[in-house]
Each structure stands twice: as C-alpha cells, then as structure tokens.
C-alpha cells in the first residue's frame, strides 16, 4: 500500500536525522509527523513496536550502579552535613527569564519547554541560579546550604567520560556577608575532603580570581566589550594548546596579536604563594585596582589553606577562567591528574570533577531593590566521579551488594511458612533488614544459596525442634558456623553480629 510505503519513507528520514545528530527540534517535528502518519494508517496497537532505548545523553542505572552511586552520594552529603549545611530543593523547571543571561556562551544549552498555561519555562541548567532566586524570593541574607538534584543541558553528550544531558549536581554554598576568604577557604577544604575520601587518585584544585583575570585583560589591552568572550577562550586551555586558543582570540574574536601575546605570558603561569607575591610586584598588574584586590585576597586564601594543611593539592593557575558569567571573585576547579589502573589499558580521562567560585552579584539580579547577598559555592561532578568508580569496580570484579539485608528467615522442614512469617514480622518491627523466599516449602539448600548469591551475612533458621526449645538457629553464611539463640535475644544478637560486618 502507498500509505505504508510513505510511513516507511518517513521512518527512514527520522533514522537518518538521528544518526547524523540532526537538530533536536527538526527531529521532534519529523517524529511527530511519523506518529501522525502511523495513527492515520490505523496500525493494530497490539503489533506496535516501541523503540526501546533511553533518550540521547541519558541512561538507566541498575541496582549495581545505584549501589555505587549511593556510596558516593553518602560520602558527599555526610561531608556537607559535617560542615553544618542545611538542605533545600527547588523545582526542576524555572521561568525562562530566571535562567536567561546568567551563563554566558553556555546559554544556548538551556532546554526550553513549550508554553504551558501562559508561562515560558526552561529546565534548570544548574543549581546555583535557582539558589540565588530562592534567596532573593524569600529575603534570605545568610545561609549555608547543600542541594543534590538533577540538572539538564542540551549538550553534545560524551557518556563514556561522564558527560550527559541529564545529570546530578551536588552543590554546597555559603551565602552572607562575612570576612574575606574564610568561606572560600572552607569550600576548597570540602572539595579536598570529598576527593580524598572517595580515593579517586591524585588531584589538583586550580584556583584563580575573576578580578585578576579582568585586571590582566585590561593591562594586556583587551577592550572591555571582549572580556567575557576572551575569558571563554582562555577557559579552553585545559583542553587545547595555547597556539589554538591564541588563534581563536585573534582569528575568530578579533583581538590584536599583541594583546593575545601579552595574555599568553600570564595565562601559562601557575604556582602558589611565591607566584602571588611575584605578581603583586608586577609593574603592570600591581597598578590595576581589580587585579591588586584579587591578588590580595588570593594571598589571604592561601594563608588559610596553609592552616587547613591542603596547599600541596592547590595551584594558583592564571589559565583558569570558568565560562559562567555570574562569577565575581575567586574561582576554582578540581582536576584528576591521571588514573592509575593496571586492569585498564586506556587511562580514564574525565577532566574536571568539581568546580565553583564566588558570585556576589547574582542574588541582587533577582532582588527588586537590587540588595546584594555575597555567595561562594562548589559543585561536585558526580557523574564523572561515578564513571571512574564504575569502570574501576568492573575491572576489579569486586562483588557489589545491591541490598542491605542483614538476615534471611529460612525453614529447615516443610509446613513452617506461618512460623517464618511470624518471625520475619518480629524482625521487621524491630528494625532488622530481613528477607524470606516466597515459597511455602523452600529447600534449605536453595535458601542458603540465595544468601551466597546476594551477600546476606546471616540466616535465621526455624525448625520443629527449635520451636519446641524456644530457640532460633543463627547461621553465619561466610563461616557456616551455627548457634542456637533464644528467640527473645535474637534481635540483639543479629544487631551485634551485623555491626561487626
């Protein structure tokens, strides 16, 4: 039939567009057309074949992956709580105008939603702008908060490197008027604690200041109107060599070759307190008010980081720019240096695993009276960290437990289902994590094998003789040692044994 041929042709058009990474809006339009043609064809619903895949740049997480993720989330959240943070949540979408103009050149990656009920909405791009909106809306001037939630970017995904279109961010921010660099130093300490705790390998936390960058651009002869666009070029230095960045500045962005060369002399510098001291004496930079302020605060920051004992992992790096428009002062980024893994031939290249900085003007952009609330914060790149840990665990073939069950309630003979149900109910009511097999008369061997496969450490065995004696046989799955425990003491015995696991 001609209609079926037309549907096949339209399906082929959609397939080609998807394979060629076509424009998402054009793909959506062609898919809608295909669905309309199919519905007119009156296909039998029972024969409809679904394309079983997740959307580009997203993925499912099975029980094993979620077990790894929970470990990472728990480590990060416990660190945030240790530093006294409260937790908040905000809607997954915001008014489009809330997000517009806050992300510089990255604004093109924002997902816009169709007009629903007269409101133009966009999916949140990060957790920082919603936090600033929250502070302004609720007139909060002082807060230390963390927020763990999904964000969305219309990016070109590279999923093997932990780059997705839908992903979690774990943010920690300190809002309020405080003495210089004390909250900033705490944010860097938090990054150091989390990366050390997760044992991802060697890392460095690069630090710079937007005021130093702006001062440097000014003394190098960059026009004010080009500051932000030149900043985004400099930010690429961690991925491409200086020659390419210079050629982009001059060829694409119209900067004079002399100005680009002067920038080149600065952005290839990195070090610690000694470099800060040297730049404070620099004849050009020391004459620029912004650069001098930034260098003064950087010196103070390094003094505090010395007291925290973490300066060996921190590098003052003049190439660090971070492209987001809302940063006003200190900026930082944590990078893994290399991935030591003898099981994997190729090292895992993941780039930045945390980033943040000071954004003193963002809340004022939302406040009707323009009242400023100084803020500094850090975001942990959970997906990239997870990519490393997932690959490492796959290579090591370590068995991952996907449940937290402490004990399996089993029976040694037939017709003991009622006794198992009574016992498991007692354990659940006492807060013990317990399971049983959903069979009336399971074989004891099958029950023990289930424990071996799932990593359950203990088995509470109900038997006819045990019931007469008022005891339960408690078996250690790993050692196969069995002891009889009085029923009234069972909960306490399970707690003691599982706390030692």
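Each residue, glycine too, has its Cβ placed from N, Cα and C.
What TrEMBL says about this one:
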DOMAIN    1-55  domain 'WHEP-TRS'
REGION    1-23  region 'Disordered'
DOMAIN    57-389  domain 'Aminoacyl-transfer RNA synthetases class-II family profile'
BINDING   126, 127, 128, 153, 169, 173, 322, 326, 327  L-histidine binding site
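Positions of the features from TrEMBL, shown on the structure.
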residue: 126; record: L-histidine binding site; contacts (Cβ under 8 Å, 6+ apart): 103, 151, 169, 171, 379
residue: 128; record: L-histidine binding site; contacts (Cβ under 8 Å, 6+ apart): 171, 173, 326, 359, 362, 377, 379
residue: 322; record: L-histidine binding site; contacts (Cβ under 8 Å, 6+ apart): 235, 331, 333, 355, 357
residue: 327; record: L-histidine binding site; contacts (Cβ under 8 Å, 6+ apart): 210, 357, 358, 359
Maximum Cα-Cα separation (Å), residues 126, 127, 128, 153, 169, 173, 322, 326, 327 listed as binding L-histidine: 21
Per-region confidence, the domain 'Aminoacyl-transfer RNA synthetases class-II family profile' (57-389) (mean pLDDT, whole number): 89
Other CB atoms, at most 10 A from the CB of residue 169 (L-histidine binding site): 19
